[in-house]
C-alpha cells in the first residue's frame, strides 16, 4: 500500500509556481476544503500561499489578511478565492466584530485593479429562461466611477446648477450650466478617468483573446456624446494599436454597440461572446444574464487585470448561509459546489498557461468536463434539480443528491476520467 501511495504521489502534476488561496466563510468554506483535499491536491502538486479570509480572521487581523492576499496575488499572478461574508449590522452582532469590515472583493479589486468577468457554466439538461443561449455569454463590468462615485443632491428651491472644472495648471476655469431650476428637483455630477477606461479596455481585449470569442462594448454615445464617446474612442484606439492583429489571427472581432441595440441582440443571440459594459449597465445586465442562464450556482467570476497576466477566480455566489445553518444543526444539505470547483479550475488553467504546463491545463479542463457531464448524466444538487422539475416536486436521492454524495460522485468520475481507478 505504501508503494502504491508513493507511486500515486509521483503521478501528481508538478506546478512550478505558487497559487494564492483565499479561504472563505460558512457553507462554501466547508465545500472549499473538500474540493481542495479530494479533487485538487490528490492530482496536483502545487504550492498554495494560504490566506484565511474567513470573517473571524479578517476581524482578528483588522482586515490586513485581505490586503496581504491581494499583494500576494500581485506577486504570484494567480489566486483562487472562496466566497466570503461582507458584514452588515446583523453580522457585526453575530461575530462580535470590532467594526463593519468592507467587502473583501472590493478591497482586492481596489489593489489589483482589473475587471470582473462573470461566465455561466452550461449543462444541456438544465433549462434556461432564454433557451437560445446555448453558448456562454460573459459580461465584463467596468467597476469604477460613473453613478457609483457620483455626487448627487436634492434641490429644494429655484436656482442654477453649474459644473465647474478648475485646471491644476492655473489656467482659467471652465464652467457649464446644467440646468436652471424653476423649483425643487435633483442633480448629479459624475466622472471617469482615461486611465481606468484604458485598464478596462485592456482587460476586456485580453479576456476575449484568452477565450477566443468576439468582444462587444456597449454605451449610449448618441446621447452622452462626450462622456460615452470617450469610452468608445479609447476602446477603438487601444484595439487598433494593440489587439487587432491577434483578433484577426483568431478570426474574432471587436465592435462598439449602442446599449439598446446590444440588449436586443443579446436576447436573440446563441451566445459565445464577451460583452464589455459600463459600471451601471454591467451591474444590471449581469443579473439578467445569471437568471437567463438558470442558476447562480453555475456562475463563475474571474477578476482579470489589465496586464492580462494577473487573475483571481471565484464563484459568483455568496456563502450559502441558509444551508450553513442546517449544517450547523447536523443536517445534510444539498449545496451546489460547481462554481467553487470552477474557481479552482480557472485559476489552475491560468497558472498552466503562464507556466506552459499542458498537463495542468488538461487536468483543469478535465475536471470542468467531469462536473458538466456528471450533471448531464442526472446526478445533481437540489438547486439544479429544481430548475428541471420545480423545487416543490424534487425528492432526495430520486432527483438530487446531498452535498457530500454529489462531491463523491464527482470525485469518482474524475478519478475515472484521469484513469486513476
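Numbering starts at 1 and runs along the chain as displayed.
Each residue, glycine too, has its Cβ placed from N, Cα and C.
Source: prediction; values computed, not measured.
What Swiss-Prot says about this one:
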type	residues	note
MOD_RES	17	N6-acetyllysine
MOD_RES	49	N6-acetyllysine
MOD_RES	75	N6-succinyllysine
BINDING	84, 85, 86, 91, 268, 318, 319, 320, 321, 322, 323, 336	NADP(+) binding site
BINDING	86, 103, 104, 105, 106, 107, 108, 109, 118, 141	D-threo-isocitrate binding site
SITE	148	site 'Critical for catalysis'
MOD_RES	149	N6-succinyllysine
MOD_RES	162	N6-acetyllysine
MOD_RES	162	N6-succinyllysine
SITE	220	site 'Critical for catalysis'
MOD_RES	225	N6-succinyllysine
MOD_RES	225	N6-acetyllysine
MOD_RES	241	N6-acetyllysine
MOD_RES	251	N6-succinyllysine
MOD_RES	251	N6-acetyllysine
BINDING	260, 283	Mn(2+) binding site
MOD_RES	382	N6-acetyllysine
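Here the features listed in Swiss-Prot are painted onto the structure.
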| residue | record | CB count, 10 Å |
| --- | --- | --- |
| 49 | N6-acetyllysine | 17 |
| 75 | N6-succinyllysine | 11 |
| 86 | NADP(+) binding site | 16 |
| 104 | D-threo-isocitrate binding site | 26 |
| 162 | N6-acetyllysine | 11 |
| 220 | site 'Critical for catalysis' | 15 |
| 241 | N6-acetyllysine | 8 |
| 251 | N6-succinyllysine | 8 |
| 268 | NADP(+) binding site | 8 |
| 319 | NADP(+) binding site | 22 |
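Taking 49, 148, 162, 220, 251 as the recorded positions under consideration, the smallest Cα distance to residue 84 (NADP(+) binding site) is found for 49. Listed in sequence order, the residues of the same chain lying 6 or more apart from residue 260 (Mn(2+) binding site) and placing their CB within less than 8 Å of its CB are 220. Nearest by CA distance to residue 241 (N6-acetyllysine), out of the binding-site residues 106, 118, 283, 321, is 118.
In this structure the C-alpha atoms belonging to residue 106 (D-threo-isocitrate binding site) and residue 86 (NADP(+) binding site) are separated by 10 Å. Annotated pair residue 319 (NADP(+) binding site) and residue 149 (N6-succinyllysine), C-alpha to C-alpha distance, rounded: 27 Å. Spread of the D-threo-isocitrate binding residues is 20 Å (greatest Cα-Cα distance among 86, 103, 104, 105, 106, 107, 108, 109, 118, 141). Counting other Cβ atoms within 10 Å of each Cβ, the binding-site residues 84, 321 show the lowest value at 321. DSSP gives residue 268 (NADP(+) binding site) a helix state. Taking the C-alpha atom of residue 17 (N6-acetyllysine) as reference, the shortest distance to any of the recorded positions 49, 148, 323 belongs to 49.
A simple way to gauge crowding: the CB of residue 108 (D-threo-isocitrate binding site) has 24 other CB atoms within 10 angstroms, across all the protein chains here.
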